[in-house]
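> Mind having a look at this structure? Questions to follow.
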Amino acid sequence: MQFENVLAELDGFGKFQLWMILLMVIPRVTLPFHFLMNNFIAAVPSHHCDVSTLDDGDIFRNLSQAERLAVGVPVQEDGTPSSCQMFAEPQYHLLLNSSNVTDLPTVPCQNGWVYDNTSFKSTLATEWDLVCDKRRVNKATATIFFMGVMLGAAVFGYLSDRFGRKRGLMISYVMTTVFGFASAFSKTFTIFAVTRFLTGFGIAGISLIPIVLCIEWVDIKHRTPVAVVMSMDWSVGTVLLPLVAYFVNDWRQLTATVTAPLFLAMITWRLLPESARWLISNGKVNSAHYYLSECAKVNHREQFMADLKPEVLSKVIFVENQDRKYSYLDLVKTPRLRRLTLLIGIVWFAVACTYYGISLNVTGFGVNIYLTQFIYGAIELPTKAFIIFSLDKIGRRLNQAGTLVLTGLCIFCSMFIPREMGAYLTAVGAMGKMFAEAAFTTVFLYTTELFPTVIRQNGLGYSSFMARLGVSVSPLIFLLEEVWLPLPSTVFCLVAFAAGLVATFLPETSNVRLSETIEDVEQTRYRPPFYNTYRTSRRSLSKR
């Protein structure tokens, strides 16, 4: 008897599993809030130099605000006041002839800036003047957060495989809540950067552990819909974020608001089960029997568990050494797993880099930031229906490769659309976001199926580490526009195409039972790219 047979007898997709998925929605809805919040808290509103230092006590103080700007701040090519320069002294002649600005001496802003508070009451840029020479620091705030997520992914991957999914999840809840609120009340940018990094570290566990826990509790035929349904909370959160940010337009209040749902998540944590697969793989058969009995009770299959003794469970997952402790080194010790680790890491890097390359550029499409973010979230919802169909029809591998290539094509097309055509840019950007989300949904399910139970969370932790490396690089790639305006889009495009090619060399996992041990992975026959995935999967099932 295999563990899949036990799940089938207990109803691998009953009320027990549905209740668990529902409980996961509470913490997971905070993921897009924190991951995409930088679009709002780090937004840079229109600004110009504070010209109050030019007040000479005579003519200047009698001028209107518009006239003060005219004599104090040079005008850019588009007719708006310069954001970073001001005249060294008032140029009163410009009130009569505003076109005569040749060789007028200018200096950097001497007394700070004046910001347009129409859209945002307060942002990081307005709080600590992260503009002009400090604008790179403002862009780095996203990188700081995702570096925390990157390190947290590696740590929580290990903790979850070493001490269990449920314990790792609670640590993640507590860390994210504590440092999320700490960042909201930061008095200096340095404190904000540190607490934001630690918030990212903590939230990495919420990103990784729930999907593994749910996938390990459902049967083979329901893995695809469960993975897609779980990704819906991300899409719903992406739609809700601009609505919340519109009404809560102070960065401190917004940060606290999006962290608050985790209090409810900590209260409901006790209702979550531990992974029975993990418990059996680690020799904890009595605890596994308890949770399986709870599952049987909720799904009305008590009779089966009454006949199944704990000692029988120790045989449903064969483990050579139950006292063995697994680590990240096990990902590269054996040849087939080492190859798999390398390929999936490249795919994760590219998926995350391109997804956030689009998501963190909502101001670059010429449309209102709130509307663009809302469109980006709404376009993800129909994507889920498409993915449920395509994952089972054409398999994981071709879905992964195809969605990456289509994302790259959308980015490529956007390079040739002028900024003035904002509606067209937004439409192409939304399509790219749709395919990027499809690639992200696929890679979470795909990775969970590729790695065996004993190191599944380590595998997902490593993969997420590579993803956050891609995300951390993504905001910095935008700085390449200073070299050549289309260069950032060119880089994102090439990354997507290269990863699409790499994805074709991964094995297919559709309709194949989850591997439990490293030996299962090493003994599974490799399936070459573009082979008939359904036939191969069925043959693997029959052999096992």
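Each residue, glycine too, has its Cβ placed from N, Cα and C.
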> Give the range, chosen from 39-60, 171-192, 303-324, that TrEMBL lists as transmembrane segment.
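It is 171-192 that TrEMBL annotates as transmembrane segment.
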> Checking feature assignment: transmembrane segment per TrEMBL, candidates 258-277, 398-417. Which range matches?
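In TrEMBL, residues 398-417 carry the label transmembrane segment.
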> Using a threshold of three or more Cβ pairs below 8 Å, and leaving out pairs closer than 6 in sequence, do the transmembrane segment (398-417) and the transmembrane segment (340-358) count as in contact?
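Judged by the Cβ rule, the two regions touch, with the required three close pairs present.
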> Who are the chain neighbours of the transmembrane segment (225-248) in space, where the CB to CB distance is under 8 Å and they lie at least 6 residues beyond its ends?
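Apart from its flanks, the transmembrane segment (225-248) reaches 13, 17, 21, 24-25, 28-33, 36-37, 40, 210-211, 214-215, 218, 254, 257-258, 369-371, 373-374, 376-378, 380-381, 383-384, 387-388, 391, 437, 440-441, 444-445, 448.
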> Please average pLDDT over the domain 'Major facilitator superfamily (MFS) profile' (86-511) for the predicted structure.
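Reported value for the domain 'Major facilitator superfamily (MFS) profile' (86-511) is a mean pLDDT of 89.
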> Would you kindly check 140-159, 198-218, 370-391, 486-506 and say which stretch has the most C-beta pairs under 8 angstroms to the transmembrane segment (459-480)?
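Out of the listed stretches, 140-159 contacts the transmembrane segment (459-480) most.
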